[in-house]
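S.K.: Dropping the structure in here first, questions after.
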Amino acid sequence: MGDRGGAGVSRRRRTGSRPSIQGGSGPAAAEEEVRDVGAGGDAPVRDTDKDGDVDVGSGHWDLRCHRLQDSLFSSDSGFSNYRGILNWCVVMLILSNARLFLENLIKYGILVEPIQVVSLFLKDPYSWPALCLVIVANIFAVAAFQVEKRLAVGALTEQAGLLLHGVNLATILCFPAAVAFLLESITPVGSVLALMVYTILFLKLFSYRDVNLWCRERRAGAKAKAALAGKKANGGAAQRTVSYPDNLTYRDLYYFLFAPTLCYELNFPRSPRIRKRFLLRRLLEMLFLTQLQVGLIQQWMVPAIQNSMKPFKVSRQTWQAPPETGGEWPAGGGGGCVGGGGAVLAPGTHSPQVPNHLIWLIFFYWLFHSCLNAVGELMQFGDREFYRDWWNSESITYFWRNWNIPVHKWCLRHFYKPMLRRGSSRWAARTGVFLASAFFHEYLVSIPLRMFRLWAFTGMMAQIPLAWIVGRFFRGNYGNAAVWLSLIIGQPVVVLMYVHDYYVLNYEAPTAGA
């Protein structure tokens, strides 16, 4: 026993003096030391607790407790689990907004009236102009289908088909705009919904026409080898794929019109079955989030906007009474716009930026996750990539490419790449995409409000220089912060400008005229 113990001691000493590769430390060296000591027979092997720490009772021979390592907040550490900090941010956000919500309740009381929302859609309970517009939209879809049927059999030339499609698409945009602008019985909210339906129809039929044209061009190019080319392009009969012109049916057309996509295909990816639990969760989310958005708008957004109107009113009154007529400018000069802007940018109970941003985030989840997934599940539509990780955007362009995937795919497929194929530069094609997006943003706002101020158009076009500035001067987390700052501040400013102009045009102008 004595010899064996002595051998163990000497072996332990030799092991303790052995240099390690990492400067005499590290897990490998520790494991080797334990293994050598345990081989002596008398020294027990060190036990570790559930946290990975060495048991105190067996650590009397530990001579080293340090190794090469970086602090967790250092970029070289490779550490990325900040879930606790994220939870802390969420808790602080909830607590801060709970205080604002309590102040709102104390000052204004309960303003939520779900029944009042019906008046936003209807003025006359016996008149449903927005619904009638949506029903009439079927005429334009059938017209596009009939043109494609005749183009497939050669009854129309490509030039004539292009002309008919152009007239049909132009009418899709002009007809509902004229009705919404001239018909007094339609409400702004009903007009927005009807114009959104027609805008989606325009994009879908544009894609429908393009894809069928590409199929005709491919069929004409492979006419000499029709049978062989058809097998290669469309697959065998076992795959149950549809080839042109067999796709030209009303069933195929209306599946595409109701599918949660803007880009047409002859063979959409399909899910094997409808998941009832998944669908039920999405439907419950839709119902709950709809009520939540309505409540937040009535209880929080409306009072915030009403309070933000006061600086504009004061500034307008002071500008109407200049010093030459006996009036006095307010302290700080005649900066009416600065006062109004300060009401928007200053966070607090009366600032619309916090409720506007929160409602926008809820709307994003409600539309792109709950609604589109519910529609996709009902129609067994397989492609559910409706958004990507836009919240990690480090540039403005990354945000616009990833927050609305259906629109991004349409722009890339039917606008951006065709411009590149025609010889346009990438900068010109990107500018063209923003220009088209700015047009539709203004189309969906100005016509329902019956006024043209171009705030939405200007805001969208301002994304081009903003994208250059953020991409040039900000990187990483700073770029992500710049993207969030543009979302939190930019949207409330545009919303407030439209609300202010609409209020002045519809409520103050008649009073001033009287």
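Glycine is no exception: its Cβ is also placed from the backbone N, Cα and C atoms.
From TrEMBL, here are the annotated features:
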- His441: active site (ACT_SITE)
- 44-53: compositional bias 'Basic and acidic residues' (COMPBIAS)
- 1-54: region 'Disordered' (REGION)
- 126-148: transmembrane segment (TRANSMEM)
- 160-183: transmembrane segment (TRANSMEM)
- 189-208: transmembrane segment (TRANSMEM)
- 283-302: transmembrane segment (TRANSMEM)
- 357-375: transmembrane segment (TRANSMEM)
- 427-446: transmembrane segment (TRANSMEM)
- 452-470: transmembrane segment (TRANSMEM)
- 482-500: transmembrane segment (TRANSMEM)
S.K.: Near the transmembrane segment (126-148), which same-chain residues lie under 8 Å Cβ to Cβ, leaving out any that are not at least 6 residues past its ends?
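M.R.: Same-chain contacts beyond the flanks: 156, 161, 164-165, 168, 171-172, 175-176, 179-180, 183, 185-187, 190-191, 193-194, 197-198, 201, 205, 208-209, 212, 248, 250, 253-254, 257.
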S.K.: Are the transmembrane segment (189-208) and the transmembrane segment (427-446) close, by which I mean at least 3 Cβ pairs under 8 Å that are 6+ residues apart in sequence?
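M.R.: By the criterion, they touch.
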S.K.: Ranking 160-183, 452-470, 482-500 by Cβ pairs under 8 Å to the transmembrane segment (427-446), which is first?
M.R.: 452-470
S.K.: Taking the Cβ of the residue listed as 'active site' as centre, how many other Cβ atoms lie within 10 Å?
M.R.: 18
S.K.: Looking at the transmembrane segment (482-500) and the transmembrane segment (357-375), are there 3+ C-beta pairs under 8 A, with each pair at least 6 apart in sequence?
M.R.: yes
